[in-house]
Amino acid sequence: MKFLILTALCAVTLAFVPINHQSAVETLTGQALVDYVNSAQSLFKTEHVEITEEEMKFKLMDGKYAAAHSDEIRATEQEVVLASVPATFDSRTQWSECKSIKLIRDQATCGSCWAFGAAEMISDRTCIETKGAQQPIISPDDLLSCCGSSCGNGCEGGYPIQALRWWDSKGVVTGGDYHGAGCKPYPIAPCTSGNCPESKTPSCSMSCQSGYSTAYAKDKHFGVSAYAVPKNAASIQAEIYANGPVEAAFSVYEDFYKYKSGVYKHTAGKYLGGHAIKIIGWGTESGSPYWLVANSWGVNWGESGFFKIYRGDDQCGIESAVVAGKAKV
């Protein structure tokens, strides 16, 4: 009898042992995740998207490519020192003549974000440094398919700093979106059905598409520097304010994938992988400081392809892996 009573008491006690709350919210997914995030905080809103974890990972890269900068990369740091920067800044209005800054591209089902972030930054900075005289739309595919192991592993991911070093040494040609203009437009079609297979890294072609009048070698655009930006918000702001958008990498969780609007701050959901993007400015919304960022998941994601992420606390590592470069003009 005593044994039975003791067993019953143990069972009752175990039933009231609290679970680890953080571990529980990290495993939330789908609509349950959206409901939790939208009720647990008011900084940003999420919406449910019918997609598998595997499909979400198609757009991301191996986390090692989004890690904080190594000592070797930190040794290249360049810092712009300014007395002050404005409370709000948007590269789209500061350099309104540069159409590329406003452009949202679509990497489709390939972890080519590192190449997109680099191509977008190169496009913007070439325009900025020439005061609008040159407005190339740089080809992510030229980096993705031709940089090879020098940059990383194609659709599995790559190092943003290596993409900029390739720009310096080998040059990069122009190329728009799928079936678009330029020498080498992106060869992977956007996923519109919601059920698309993972894409393979395209093969390197050192020739322009049929009908393009400029030869591949003549279409190259070059950089003169590739460097890291110090890991602090003030240095990143000064770099953008002085020279234009920068490329950054960070860790992605499922609640980011379901972002719809507001200032993102990781709240719940599992870790999915690394991602690279382009930071174009900053501001404050309802008292929350943010970075203004261009994603490469098409215009139907987030705030018409853009998003805001909390600024100043190295949210998801976004302030630990910022790179930039200067165009040869």
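First residue shown is number 1, and so on along the chain.
Yeah, the Cβs are placed from backbone N, Cα and C, and that goes for glycine too.
Per Swiss-Prot, the features are as follows:
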ACT_SITE  Cys113  active site
ACT_SITE  His275  active site
ACT_SITE  Asn295  active site
DISULFID  Cys98-Cys127  disulfide bond
DISULFID  Cys110-Cys155  disulfide bond
DISULFID  Cys146-Cys204  disulfide bond
DISULFID  Cys147-Cys151  disulfide bond
DISULFID  Cys183-Cys208  disulfide bond
DISULFID  Cys191-Cys196  disulfide bond
SIGNAL    1-15  signal peptide
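Non-local neighbourhood of Cys147 (disulfide bond): Ala115, Gly158, Gln162, Ala163, Trp166, Lys170, each in the same chain, at least six residues away, with C-beta under 8 Å from its C-beta.
Of the candidate active-site residues, Cys113, His275, Asn295, the one lying closest to Cys98 (disulfide bond) when CA atoms are compared is Asn295. Listed recorded positions near Cys113 (active site): His275 (candidates Cys151, Cys183, His275; Cα-Cα distance within 10 Å). Cα separation, Cys208 (disulfide bond) to Asn295 (active site), rounded: 26 Å. Within 10 Å of Asn295 (active site), judged by CA to CA distance, lies none of the disulfide-bonded residues Cys151, Cys155, Cys191, Cys196, Cys204. In the three-state DSSP classification, Cys147 (disulfide bond) falls within coil. With all protein chains in the displayed structure included, the most crowded Cβ environment within 10 Å among the disulfide-bonded residues Cys146, Cys151, Cys204 is that of Cys151. Secondary structure from DSSP puts His275 (active site) in a beta strand. Comparing the disulfide-bonded residues Cys155, Cys191, Cys196 on other C-beta atoms within 10 angstroms of each C-beta gives the minimum for Cys196. Around Cys113 (active site), taking its Cβ as the centre, 30 other Cβ atoms fall within 10 Å, counting all chains. Around the Cβ of Cys127 (disulfide bond), the same chain contributes Trp95, Glu97, Cys98, Lys99, Ser100, Ile101, Gln134, Gln135, Pro136, each under 8 angstroms and 6 or more positions distant in sequence. The local packing around Asn295 (active site), expressed as other Cβ atoms within 10 Å of its Cβ over all shown chains, amounts to 26. Applying an 8 A CB threshold to same-chain residues 6+ apart, the list for His275 (active site) reads Lys59, Leu60, Met61, Ala66, Cys113, Ala249, Phe250, Ser251, Val252.
Same-chain residues at least 6 positions away in sequence with a Cβ under 8 Å from that of Cys110 (disulfide bond) are, in sequence order, Phe58, Lys59, Leu144, Gly154, Cys155, Ile188, Glu198, Ser199, Thr201.
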